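Peer 1: Pasting the feature list from Swiss-Prot:
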COILED    622-741  coiled coil
COILED    960-1148  coiled coil
COMPBIAS  15-37  compositional bias 'Low complexity'
COMPBIAS  72-83  compositional bias 'Polar residues'
COMPBIAS  120-136  compositional bias 'Pro residues'
COMPBIAS  788-850  compositional bias 'Basic and acidic residues'
COMPBIAS  902-924  compositional bias 'Low complexity'
COMPBIAS  965-997  compositional bias 'Basic and acidic residues'
COMPBIAS  1026-1101  compositional bias 'Basic and acidic residues'
COMPBIAS  1156-1169  compositional bias 'Polar residues'
COMPBIAS  1222-1239  compositional bias 'Pro residues'
COMPBIAS  1265-1275  compositional bias 'Basic and acidic residues'
COMPBIAS  1276-1285  compositional bias 'Acidic residues'
COMPBIAS  1314-1323  compositional bias 'Polar residues'
DOMAIN    181-270  domain 'EH 1'
DOMAIN    214-249  domain 'EF-hand 1'
DOMAIN    444-533  domain 'EH 2'
DOMAIN    477-512  domain 'EF-hand 2'
REGION    1-140  region 'Disordered'
REGION    600-625  region 'Disordered'
REGION    788-851  region 'Disordered'
REGION    865-1450  region 'Disordered'
Amino acid sequence: MYSNPNNFFGGNAMGPGAPQYGAGQPQQQQQQQQQPDPFAPQPTGFAQAPLQQQYTGYPGLQAPQGQLQPQFTGYGQTPQQGMATGAPPMPAIPQQYQQQFQQQQTQQQQPQQQQMPFAAAPPQPTQTLAPPPPVKPQATGFSEMAASFHAGGGARSQPSAAPRKANTVPNIRLSFITAPDQAKFETLFKSAVGDGQTTMSGEKARDLLLRSRLDGDSLSHIWTLADTTRSGQLHFPEFALAMYLCNLKLTGKSLPPSLPDNIKNEVSSMVDIINFSIAEESGSASATSTNAPDFGVRQNTATPPVIQHPQPQPSSSQLLQAQMTGFPAQQTGFMGQGLQPQQTGMPQATGYTGPRPPMPPMPTGFGSNLSPNVGPGGMIAPLNAQPTGRPGQWGLVNTPATGLPNIDALQARMMPQQGREQQDYTTAGLQGNAVIPWAITKDEKTRYDALFRAWDGLNKGYIGGDQAIEIFGQSGLEKPDLERAWTLADHGNKGRLDLDEFAVAMHLIYRKLNGYPIPNQLPPELVPPSTRNFNESLGTIKNMLHKESDFRKNSGASLLPQKTGVSYLKNHSFRGTGGASGNRKDATVFKNNDDAVGYRSSARRRVGNASPRPESPASVGSNEELSLDQLRKKIKEKQVLLDAMDFADEKNMEEDDILDRRDRREAEELYRRIRRIQEDIDNHPDASPIGGDSEAERRALKRQLQNLTDKIPELASQVRKTEKAIADARLELFRLKDAKAHPGSAAAIVGTGPGGAITESDRLKARAKAMMQQRTAALTGKKIDVTSDQDAEKRLEEESIKARTEKENNERMVRDVEDSVRDFAKGIEDNLKEGGQDSTTEHEKRRWEDALGVEDEVRDFIYDLQRSSRASRIRSQDRQGGRKATQEPVSAEAPPTARVDSPASISRTASPAAPPAAGGSYSSYKTPEERAAFIKQQAEQRMAERLAALGIKAPTKPGETAAQRAEREQAERAAKLRQAEEEDARRETERQARLAEEQGVPPPAVSQAAKPEGKKPPPPPSRKAAKPDDRRAEEELATKKAEEERLERERGEQERATRELESQAKAQEDELAKEREEADARLRALEEQVRQGKLKKEEEKRKKKAALAEAKEKEAQLAQRRAEIEAARKREEELRRQLEAMDDDSSSDDEGPEQITPQASTPTMNDSHIVNREPERQPTPPPAPVVSPPQIVTSSPPTEGESRNPYFRMMSHSSDASPATAPAPPVAPPVAPPAPPQPEASTNPFHRIAQAPAPETSPVPVTRRRPDDDGWGSDKDEEDEESDDDRPGGKSAAALASILFGTMAPPRPLSATGDKSATSPTVSSPVAPPPESASPPAASPSAPPPPPPMPGSFPSASPGPGAPPPPPPPPPPMPSAGGPPGAPPAPPPPPPGMAPPAPPPPPPAGGPPAAAPAGGRPAGLLGQIQAGKALKKTTTRDKSAAAVAGRVLD
């Protein structure tokens, strides 16, 4: 029965939607708890029993006061008995409670008293009885918490018998001193002031301050700063400030001249709190403080029913005992566990929670709400987004990397739960050692906000002290820690915590659970933004109020503001400067003015609109009160006033007329000045053009500029290509000239490098050729002039350097031109951009140039000014047209006649003819045709100026004679003059008419009639207007006369100035005409000089070309003669050799192929080429020499074989390529079939074997001679082989290779297949096929050699259709070596150089080295060899072979 209402009470009090314990609802709690009559005694008795025991302990400071303890003790016992009737088990509870408290409080009494030395005594509304001593320490913990929450509230709730110390010093922290210092100063202040006093007298303060042993000046300054109220007494904050200043001085720091604003505001605020609290304390001593958890009220009201209702339950005593056992721990914990005592309340809570197992239903209301939230994070998820609005203001930080351990457990424990009152909370499971930052993390804020909303069921926006005791107590911390956390979080000692402050308190608790001490002062990271901003705003308002009070005090305005007229309202603005502004009246300076009469409408008293308005009775007395004389007097006075008004009006009108005339004169003067300035602009040579630049024109110019800029790279590339071609041509020309001047030099070397440069490979080839020539000369016995190629190379290098230098200079010039053009284009583009119009310039242009948005008079003036400016430009252009007439363009779209017909178009199209100084520009033309004509004219003019600077006469227009041009220019000038005269005449007429209208000189009546139109004010009364009209007319006549005289003078001056300008213009025209004639003469002279120079250059070129052609012709003839001589000589040798071969054919029939094959190898071919190249060095290479037709016909077999045999094709290419490198006049190039040049010879050793296979005959004896000497062996080897002369090829490796691989090679080269029909009769002579097949290989190994077979050798060498069949085919078709090496007779041994060519050794050994001995033999050497001369005597080969052997010729 009792548990239900009890539960209902608990549910209401602790539910999320109900106010919490001690939330100012003690009566409601009592009513709910006590359904029967014993309502009043029940709370009284209940509160006295346990509450007073805890209260006895609660006032920890009041331990020495014995009255309080007996008061509580006795009172507690009495109601227990009275309440025992309602609940029998209750009487035993206090005794056990007292025993438990004796054990706990004896341990806690001393520490609690030390922790809260300034705690206020708890309120006790009942009489004091003697309690047991242990209850006092238990209450000490509660008094400590209450002291931290109250600002003197404990004393107010205490009966009058209790001391009033708490009222003297509010529990407010001063920021400029530390907490320990404030505690010391408070103790000292209380000891000096005594009980019940709030201020310290000046004498006591002086005694205390003198103990600091500071000098008098310092103490005087300290007193001045500390006594902020100027009352001669010190409140506690002022005393603390004085002690703080003394400490500053003692530590060696200087005293500030004035207090900082924050210190001054703190001190004044605390002083005001102390002064305001005095009246409240005297008014109601038993009133409880609303700024802290209300422990006293809950003890007196809420707790008794809680204990009484559970008493009927049989198990209540057991539960109470268990709770008791829990309560001591809770109490010790409530210094440590904190908030359970809140539920158990004060000691109330002990009895309340202890005996109340049914109380769980009270949290059952919470339990229902909290059961879903018990799980960690139950309400966190939906509220995660809520703190996101705060981080930017509060500086929330991210969760540390280590996480937030036990935060979920803390949240789960502190959520409203069922049965929390019975639990004994400890820190077990919540403690940790995590790194927790000072600032609140976002995760923490989310959880704390969820916890706050769970407890704030009614959405009041705050958590009261009772709820805080219950919530924080569940953390298991001791009471002092929780009290300090509450004190730091409850800013302003409001007694409740809002959302941010609750988060701060929870964060401090969480830090404490992780081993961090609770600070003495809240760090800046934890100050909520609302608190911080509120403090700043409070400081600002306080400063404003201080300044205002000082201003009022100093100015004396505080005495009688209505008399001084000083308005306080002006100084109340947050944004104002504080100074007086204007004489505006407001409520602070209001004073009634009897003279100020309010408006009173009389319209309702009028009968009709025509009725006069009656005079206001407030200002005029009633007519009935005035006599007739008074009325007449008033009428006279009014008449006088009216006359004065008329005079004033006339005077004002005259003044207005004078001002109007002056303004008109000033305007006319401005007009004249503007016209003069415009004329100066038009006539000045450096004046900027007139006319607006349209955006379309600007864009067109930009596009044109871009197109021209894009052409620059292409032009530069073309210039560079031309420069390169010029340099190459110069080098080639120099080579030709040098070869002509030095025929025997090595300048004939053709460079294969870049740009025709001679590379090292070219030099190696040249040296190899020269050495071959020397060896050939040694063999033939001819003398060859060996010239060093150093001079030629040096000359060519110098010329190359010159050409390269000139090319680089030209390239630099081209780059400079490119850079300058780019800079110029960039400048033009920047000018075009800068000239762009923005909105302001466009508006100004439309207003002052297009006359939009101006008055009619100004618009007419603008149009007239534009017309005069245009006419002036035309005249100036015509004056200067004599000099620039040749450059005036004729627009293709508008012929001259059209220009004459259309003056406007004339003025626009003719202006381009004027130079820029005349004022015309591209922007002054409105149509595309005019602009195109202007651009064309400007381009022609600039081109003419440049040509004139170069001495070249400017070209005239095509299709226009001088007479036509003169007529056109004359017609244009006449049209311009006529148009200008018409414009001047019309402008002068308009000006005269305008002056006549404005001044009214010619027709005075008209001017008088026109004048009053808009200038005269309403005329004055007619009765006195005659005289002013006469005076005004006289003044106007005088003014008009003066103005007319002045105009006449100005007209004369203008005429004189015009005549002077015309004379100056004429003189300028004469000077310009003279200058033009002189320029024409100079141009003609320069043009004649240029023409003569061109003729001379052309004549010189023709002479040079003729001389060069003659020289070439002579050289060609000389080369042709030499070629003919050489061909005849070689033809003779070839015929002689063939005859000898025919004689010996029968004896050497078997060995012929072996002997011929090596003889037809590469050395023979190279030999012949070297011999043939000897005469080629002398002249420059002429065209192909003339050769006999039979020689050309014999070249068909090689051509035939060229299309099938790949090796032969390669060798024929190399032989054909040789003429490209060193063309020789005696050689017949037409003989060689055309093929792409192949300077590189094949290095494949089998290449020669395949090209020179042995015929299918009986093998020749094999020799074991080593081919390492490549046929250039020593004399000893040659002597050993003398006995084998009858077998020329037997002892050579080439012969051995040919024998071994003869069957492996193709049976016959494809080049010789076509010869079977022609050579069939001579099959018995094996000499015929080998020469055919061997002739191609002869050319392949050596790239340098000249064209293939010489003409003299082909008729006999190739038994083609055109060759006579009887003679056997000779050895290889070499021009000069065909005779000797190819001798078929067996007896003569082959020369040493003949054998090596075919074997596999590298081509250098078998190529050019072997060619020297065989190639240089003249025709007479064959007879000597046949006579028995040994070839070993030719020792010169060894010397030359050593120099060239092993070299690879590219």
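Using N, Cα and C of the backbone, Cβ positions are placed for all residues, glycine too.
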Peer 1: Run through the compositional bias 'Basic and acidic residues' (965-997) and tell me, per DSSP, how many residues are helix, strand and coil.
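Peer 2: Residue counts in helix, strand and coil order: 33 helix, 0 strand, 0 coil.
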Peer 1: Write out how many residues of the domain 'EH 2' (444-533) are helix, how many strand and how many coil, based on DSSP.
Peer 2: 55 helix, 4 strand, 31 coil
Peer 1: What does DSSP give as the helix, strand and coil breakdown of the compositional bias 'Basic and acidic residues' (1026-1101)?
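Peer 2: Per DSSP, the residues of the compositional bias 'Basic and acidic residues' (1026-1101) fall into 76 helix, 0 strand, 0 coil.
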Peer 1: In the compositional bias 'Basic and acidic residues' (788-850), how many residues does DSSP put in helix, strand and coil?
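Peer 2: Result for the compositional bias 'Basic and acidic residues' (788-850), in helix, strand, coil order: 55 helix, 0 strand, 8 coil.
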Peer 1: Limited to the domain 'EH 2' (444-533), I'd like the whole-number average of pLDDT.
Peer 2: 87
